[in-house]
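S.K.: One structure is given below, represented as structure tokens, and several questions about it will come after.
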Amino acid sequence: MERNKLARQIIDTCLEMTRLGLNQGTAGNVSVRYQDGMLITPTGIPYEKLTESHIVFIDGNGKHEEGKLPSSEWRFHMAAYQSRPDANAVVHNHAVHCTAVSILNRPIPAIHYMIAAAGGNSIPCAPYATFGTRELSEHVALALKNRKATLLQHHGLIACEANLEKALWLAHEVEVLAQLYLTTLAITDPVPVLSDEEIAVVLEKFKTYGLRIEE
């Protein structure tokens, strides 16, 4: 797909992320795999003011085009693509319930079968590191080895998928799961969870069932 169309999709995803209540202000960032690198949102520009020309290209060596400043979190986007060759889009936000669970430094367990949408029987929580650092990107790379989404301790959420629409869908789904988890925790701890065997069945079914979006 040509660059301007991808840039427009990035902007539309950012606006939809805000509309869904997953983000606010200039928090969060969005990227797509492009050529030997990626296209990513810039730093410090409110989503409603973004234009296609603001979207930044970063090559596979981490070098960005002159005259533009990429999101400070570009390193963990790059790490996500390296860790997940099947991913072509990454969405990061500070959704309230995901962030609340991350503050507890807990993974989201298998409280509902939709946990399998992220690729396993839980959604991990990557250890805290200062935003924008290589250390944080290393935590992200490890957490995404066997998952399509991870919480970031005291920070937020990352979701990656085959395209932007699927990545945003997954981010929204994880936020709902986080809300369910916090609601259940208010009643009992530990919470009842599905067994690994039950989640394995769901994972198998998800191979032929789920969100259908043209690539």
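Just so it is clear, glycine is given a Cβ too, placed from its N, Cα and C backbone atoms.
As annotated in Swiss-Prot:
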type: ACT_SITE; residues: Glu73; note: active site, proton donor/acceptor
type: BINDING; residues: Gly28, Asn29, Thr43, Gly44, Ser71, Ser72; note: substrate binding site
type: BINDING; residues: Glu73, His92, His94, His155; note: Zn(2+) binding site
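If you look at the structure here, what lies around each of the features I listed?
M.R.: Sequence-distant neighbours of Glu73 (active site, proton donor/acceptor) (same chain, six or more apart, CB under 8 Å from its CB) are Asn29, His92, Phe131, Gly132, Leu136, listed in sequence order. Under the three-state DSSP scheme, Glu73 (active site, proton donor/acceptor) falls in the coil class.
Non-local neighbourhood of Ser72 (substrate binding site): Thr43, Phe131, Gly132, each in the same chain, at least six residues away, with C-beta under 8 Å from its C-beta.
Secondary structure at His92 (Zn(2+) binding site), taken from DSSP and collapsed to helix, strand or coil, is strand.
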S.K.: Sort out for me which one of Gly28, Gly44 has the most neighbouring CB atoms within 10 A, since those are the binding-site residues we care about.
M.R.: Gly28
S.K.: Just to be sure I understand the packing, how many Cβ atoms besides its own are within 10 Å of the Cβ of Thr43 (substrate binding site)?
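M.R.: Total other Cβ atoms inside 10 Å, all chains included: 16.
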S.K.: Drop a 10 Å sphere on every Cβ of the binding-site residues His94, His155 and tell me which sphere holds the fewest other Cβ atoms.
M.R.: His94
